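The signal peptide annotation in TrEMBL covers 1-24. Annotation comment: TrEMBL describes 47-197 as domain 'Cupin type-1'. Annotation source TrEMBL lists oxalate binding site at Asn95, His100, Glu105. Feature annotation from TrEMBL assigns Mn(2+) binding site to His98, His100, Glu105, His144.
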Amino acid sequence: MASTIVYGLCMVISWAMVLMSTNAGDPDILSDFILPANITNPEGNFFTFTGMRVVVGSNPPPNFKVTKATKAEFPALDGQSVSYAVLQFPSGGVNPPHTHPRSAELLFLVQGSLEVGVVDTTGKLYAQTLQTGDMFVFPKGLVHYQYNSNAQYPAMALSAFGSASAGTVSVPTTLFTSGISDDVLAKSLKTDVATIQKLKAGLAPPKP
């Protein structure tokens, strides 16, 4: 499994260069790199991120899990127009419909199979079932999802972004937990307020 992940990282790094040059969502910088205010004399560890070590050889998580390397977790990425994420799907795991407003996403499936889909601005769905070794690109800003429909086996994918902070806007969370009124949602979705309230209750965090 470790060798598969390493191979996958190499593939995604190569394709990330394409994303960086053709679809970067970050402004160009006028220096080699950007230092945080609290660092004046960086060493090699500034350019090193170890947060993915927990993924290598780990057991499948009970729920969908994403491990990110964006400029929030890895400050050296600031200004470099690149970031990564490892997506882990247990059997039946889903990454709900969402968008990345500042970058396209290039996904490389390193384990299992995934059902993926992206919806364009005309409302057309482009769906595909991916097998290990396949890649799929989600264009910048479009709603998309990933789903492991396999009842027995987990799946894992690596995603590259052409921004150090691609951003994620979850469709369910945005609709039902952002404070939009029940009346507006009910009219927009052509349903009733009671149904909207049930949906909101299902997305509410559990009480401690």
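FYI, residue positions are counted from 1 along the chain as it appears here.
The backbone N, Cα and C atoms fix where each Cβ goes, glycine too.
Other residues of the same chain near the oxalate site, with their Cβ within 8 Å of the Cβ centroid of Asn95, His100, Glu105, are Ala85, His98, Thr99, Leu107, Phe138, His144, Gln146, Ser159, Phe161, Ala166, Thr168. All chains included, 23 other C-beta atoms sit within 10 angstroms of the C-beta of His144 (Mn(2+) binding site). Other than His98, His100, Glu105, His144, the residues of this chain whose Cβ falls within 8 Å of the Cβ centroid of the Mn(2+) site are, in sequence order, Thr99, Val118, Phe138, Leu142, Val143, Ala166, Thr168. Within 10 Å of the Cβ of Glu105 (oxalate binding site) there are 25 other Cβ atoms, across all protein chains.
Ranking the binding-site residues His98, His100 by how many other Cβ atoms lie within 10 angstroms of each Cβ puts His98 at the bottom. Restricting the average to the domain 'Cupin type-1' (47-197) gives a pLDDT of 96.
Here the Cβ of Asn95 (oxalate binding site) has 23 other Cβ atoms within 10 Å, regardless of which shown protein chain they belong to.
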